[in-house]
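TrEMBL annotations:
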TRANSMEM  6-22  transmembrane segment
TRANSMEM  29-47  transmembrane segment
TRANSMEM  53-76  transmembrane segment
TRANSMEM  83-100  transmembrane segment
TRANSMEM  106-128  transmembrane segment
DOMAIN    109-233  domain 'EamA'
TRANSMEM  135-155  transmembrane segment
TRANSMEM  167-188  transmembrane segment
TRANSMEM  195-216  transmembrane segment
TRANSMEM  222-241  transmembrane segment
Amino acid sequence: MSLVGIRTFLGALFLLIFVLRKRELTKELLYSGIFLGPLLAIHWSTMFKSIELNTVAVGIGLVFSYPIFILIIELLRGKSIKPIQILIILVGFFGLYLLLDFTTISSIAGVVYGLTSALSLAILIIYGSSKSIEFGGLNVAFVQVFFAAIILSPFTYSGISWMFENLLVSIFLGFFLTGVGLTTYWYVIKFISPISIGTITYLEPVTGVIIGSMILNESLRISQYFGFGIVLLVGITQVFIDTKNQAQSLEN
């Protein structure tokens, strides 16, 4: 948990430099951060707790069920979603299920933490997407990380010695993975729907598993390769559909 606190703390400091230069902080932006910050803190803390209680593969697999939560929430909000989009999300998660080893689940509490992380991420993306359009990706990323850093400050304090002992790693996690990563994410989501983002990010845990197997020289089962192929096909299909829709909207 201290690692989560450290990355939010350093990420907030990094983004603060750019936010102060732009001078676009408003009360409305800060109010949105009061909601976004706790969601980010819940998402990250429950994700790491899920991984701790089970395995990395199980924890990541549970967290990346969030596109299904996005789908459910959007349907409950009365959003019109094409059947092909629903099919893509479900097929993508099936591919993820084949790739990740869910048979090693050893803690029901870990499953609950993982699903909580997925649900909080789904709400975060849906709510944050509208705020990103309104305030810009940089500003949304800052208020989100700033309030998350406040909530996680006790864990940051407990890991302060580790941060200074591993300063380069801490800077990489805070400045680049958190600061630059979240800013880029919220910028992109202005142009792509939350459901599309969720589907494309199925590729994230997949690439992690593939790269990990190459580095550790671990062999994958045939079913895992099949799952990899499904997720890759789903990601390509989603990009194709989004590109086609954007081209049609420009023509109109």
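The backbone N, Cα and C atoms fix where each Cβ goes, glycine too.
Predicted, not measured: the structure shown is a model, and the values here were computed from it.
For the domain 'EamA' (109-233), the model's pLDDT averages out at 81. Of the Cβ pairs linking the transmembrane segment (53-76) with the transmembrane segment (222-241) and spaced 6 or more residues apart, fewer than 3 are under 8 Å, so the two regions do not touch. Proximity of the transmembrane segment (83-100) to the transmembrane segment (6-22) is not established, fewer than 3 Cβ-Cβ distances being under 8 Å for residue pairs spaced 6 or more apart.
Of the recorded ranges 6-22, 29-47, 106-128, 135-155, 222-241, the transmembrane segment (167-188) has the largest number of C-beta contacts under 8 angstroms with 6-22. Panel annotation: around the transmembrane segment (222-241), residues 84-85, 88, 91-92, 94-100, 196, 199-200, 202-203, 206, 209-210 of the same chain, lying at least six beyond its termini, place a Cβ under 8 Å from a Cβ of the stretch. Across the domain 'EamA' (109-233), the DSSP tally of helix, strand and coil residues reads 108 helix, 0 strand, 17 coil. Away from its own ends, the transmembrane segment (135-155) comes close to residues 1-2, 4-5, 8-9, 11-12, 15-16, 18-19, 22, 24-26, 28-30, 32-34, 36-38, 40-41, 44-45, 124, 128, 178-179, 182-190 of its chain (Cβ-Cβ under 8 Å, at least six residues beyond either end).
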